[in-house]
Structures are given as structure tokens and as C-alpha cells.
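Participant: Just dropping this structure here.
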Amino acid sequence: MSITVLSQPGCAACRWVEKALDREGLAYIVRDVRQDPAAADLLIGIYQRLRPGQHPSTPVTILGPDDVVIGPVIRDRLRELRDGRQQRERRPAPPAFVTRTEAARLLGWYPQRVTAAVHRGDLPAYRVGNRILLRRTDVETFAAEQTTPKPLNQEKDQ
């Protein structure tokens, strides 16, 4: 499971989350939202989807492809993961993210074509470390909007 902590300098709660992850022996990536514009966009996007109207703040911890913990209350979530319990709260589920390879499978493309579409701006995506993550709904919407290509050799009606 990949773990990403959206953090910023001087954030005591961020340091607390990092220490909790260290105690569990879990590898994680720290992204500074003040230095990394993509991390700042990711933070804003998470707040717009999960807590509309609230001012984005750190820490935000992304556990795997679709589990988001806002604030320093990571210990309970780590305990649930460790114990194998998947308790769901009565709030909308966070958006499901897919990797570049999974997006390619959904679109019937090669992964390189997904990367090219992301670089052109055709598909919105987030970079987490070396990985490109895309919202499943964005990929499905993109696939639905694609038109089927016309054959090159169409004969005219005579």
C-alpha cells in the first residue's frame, strides 16, 4: 500500500502523523504543499470533494488508492488496517483513484497513451511520488466522451 502525507513546514500535527507511521514501520512519502504545486492542488481537490467550504489544512494522509484521513487522527485508521477491519463512516466515500495501468485497461489503451493524454491535459491526474493517479470517474467520463473513429476508406453512395 502506498502512503502519502500532505504536509507543510512547522506543522506539528504533520510530524505526529509521520511519527505514527514510523512506529508502525510503514513506508510513506511526504509532500510539502508549499513547495510542490501538484501537492497543493491535490490537497485542495481533496477538501473540495470531502469537506466543501472548509479551508484546506494539513496533515492529510492518503492510504492506498482511495482512503483519505484528514487531520492527525491516523492512529485509529492504522489500527483498523492492522486488524483487518474496514469500518466505514456515514459520509461520502472518497474518490476512487486508479493507476496509469488501470486507466489504460479501462480505456483499452497502452499505459504510454494514458501518460501522453495526461501530459496533453486531456485527462486530469495527480502525481504521487513516481506514480500517476487518476480519478476513476474522470477516466470513465473521458471514455464516454470519446467518439469512435470513422473508417478511412469510406465509399460514397453512388
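Just so you know, glycine gets a Cβ as well, placed from its N, Cα and C.
Not my notes, these are from TrEMBL:
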- 3-44: domain 'Glutaredoxin' (DOMAIN)
- 99-146: domain 'Helix-turn-helix' (DOMAIN)
Participant: Restricting to the same chain and to residues at least six past its boundaries, which positions have a Cβ under 8 Å from a Cβ of the domain 'Glutaredoxin' (3-44)?
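Facilitator: Apart from its flanks, the domain 'Glutaredoxin' (3-44) reaches 56, 58-64, 71-72, 74-75, 78, 82, 126-129.
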Participant: What mean pLDDT does the predicted model reach across the domain 'Glutaredoxin' (3-44)?
Facilitator: 93
